[in-house]
Structure formats: structure tokens, C-alpha cells
Amino acid sequence: MLKLSCNGVDRVQLTAQCGFMGRPTSFFSSRTSVAGFRSTKACPVYAVASAKESAVVNRVEPENGSLEDLLRLGSLTEDGFSYKEKFIVRSYEVGINKTATVETIANLLQEVGCNHAQSVGFSTDGFATTPTMRKLHLIWVTARMHIEVYKYPAWSDVVEIETWCQAEGRAGTRRDFIIKDYTTNQVIGRATSKWLMMNQDTRRLQKISDELRDEYLVFCPRELRLAIPEEDSNCLKKIPKLGDPAQSSSLGLVPRRADLDMNQHVNNVTYIGWVLESVPQEIIDTHELHSITLDYRRECQRNDIVDSLTSAEVSDDVPELKGTNGSAKAKDDKQEHQQFLHLLRLSTDGLEINRGRTEWRKKAPR
């Protein structure tokens, strides 16, 4: 994947050369165009270097558009129905495998979805709401998220994410994503999600009226467009409730203040981390996550205490985690692919927060 230099002096010099006019060719030399720099005039770049510390401080003075518009590497596609944005994987976004974590991927999906909504004129407060939604105190909430990762990007890799939304029945909206290696244009991940409307005051779900639907469908593809062919995926497969006792558990998880989002409930990505907390360590050591599906059933508040439960899912094509027939082949097959069911519930009364399913593939030898 494309690597970007971390040398501050080089970056400022390259930025000054390109003047924020269109595509910064010194940064992205492997592709033909980068949208997102919306200024039509050169913006001066000021750099101050300290002889003692060799530190560089640069400041951009935008003349057209906001600074975030100038720096954000994203824009609507030519048809206006989807949005693409480029992201650099930061050092703090990688995990023990030296690649981006699935939480990082989920955060980028959330970011590109919000930026898409802002690019078509919806709210800039992070809620991605239409004018009518704001008038009626309605917000979007996640009902289901499915993420597949075929290859995890590493620190300083550049990925490009494309997203679009469309109607999902009468009560929901679907948002899909395609994740690519920006250098090779290879698809390294896909995702799909379902969103519902909720009244921000009553915390009750709201049916989508024709007025609301017409307001955002004008920005959606006219024909059904799926990131993941449903016949080739279990993204719609029902997730059964995990019963007691679970094979593995992590009890007494408490939301941190940093886990709360602008809706004053636990952020969707936090649930992914909680689910993974109860995955057996031997799986973490030998496998990497291929896909995760979460059904969101209940909001989690700041004072809630959560239990995370995990058990292997046994099916015709997935070998059981524990126990084999004693053959070497059965043991090898068991190690190649693992699938688990998950449950997050309130510790106090056992009410479900969400159900999940994860698929794991054996790590490639180094």
C-alpha cells in the first residue's frame, strides 16, 4: 500500500509546492486524481522551523471554503449518489498485529458516512440529519452492522472508502461501504448497515414518513446497489440468542466517559470492543477476524454494567471449537476457520444489548 513520509519538513515543502490547488501529486503519485481539495485558488502555507528542535509548524490560510474542506480528501462521485474519501492509517489505530484494528475500520466507516451526509447539505453536528428530522427531533440509530475485512491495512497505508445509502423497507435505511487499497485499487473490505429513526426526546423508534424519505432518497442510487452480494454472505443470516452457560465471558464491563457519543449513549464501535473482550485468547493468538455482524437491540447508558458472552457456533460447515474425532485432518480443519456467537447484556437484569456473530481465519505464517 501507499506509504506517506512522516518527515514534517518534507510535508510542508510538498504542500507549499502544490499550493492546495487540486491534487497533491507529491503525496499521491500512484493514481490519477484525488477529489476533495475544493479551493480554486492557491492558499499560502507558512512554515516555521526551529533550528534547535528541527520542529516544523505550518499554518494554512484558506481563501475559499473552510479549512476542513481543504484538508478532507473526500467528495461526491460523478453521479452524485455515493461519496469517496481517503484516509491514512495512524500509528494509534493499529493493534497487536501491527495492522488497523476492526474498531479502526468501524470508526472510518462512521466518519465517511457522516462526511457523506454533510457533503449533500445535511447537518454538520455529527447526527447526519435532514432539516425535517431536526424539526421533529429525530436522529439515526444503528440497527445492524456487518463488516468484512479481507486484508487489514498497516500503519501509514492509505485506504479509500466509498459509501452510499438507499431505502431499506418502510422503516429503515441501508448504508453500504467498499474499502480499497488506494495504491492498487484492490478491494480489501466491504460493509453494510441498517439504520432506523429514533425520537431524540422519547428514545422511541419512528416510522419514516414519505416526506422524510423523499428528503434523503434524492441523494440515493435509483437502482439497488449492494456492496456485498447477499447470496455470497451471511450478512443477513439470523443471529440466535446465545444461551447460558457461555464458553467464554468477560463480566462487569463499564462504559467510560469517552465511550459516549453525541447522542449520550455508548458509541456503536465500543460494542465491537466489548464483543471481542470475551473471545478466547487462543483464537486471538492464532486467527484474525474475517467478519463481524452485530444486531443492536438496546441502548447502553453511562451507568450500565455489561457482560460479554461468547461461544463457538457449530454448523455443517464450521467445525466445533472443542473436541475432534481424533484425526489429524479434523484438527487442521478446526484451526482454519472458526465462527462464534456473542451476546452483550446488562449485568443487572440480563436484558440484551446486542447479539453478534464473528468469523475468524487462521493467520498467515510470517
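Positions of Cβ are set from backbone N, Cα and C atoms, glycine also.
Going by TrEMBL, these are the annotated features:
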- 82-216: domain 'Acyl-ACP thioesterase N-terminal hotdog' (DOMAIN)
- 246-362: domain 'Acyl-ACP thioesterase-like C-terminal' (DOMAIN)
- 316-335: region 'Disordered' (REGION)
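Here the domain 'Acyl-ACP thioesterase-like C-terminal' (246-362) has, by DSSP, the following mix of helix, strand and coil residues: 28 helix, 48 strand, 41 coil. On the 0 to 100 pLDDT scale, the domain 'Acyl-ACP thioesterase-like C-terminal' (246-362) averages 86 in the predicted structure.
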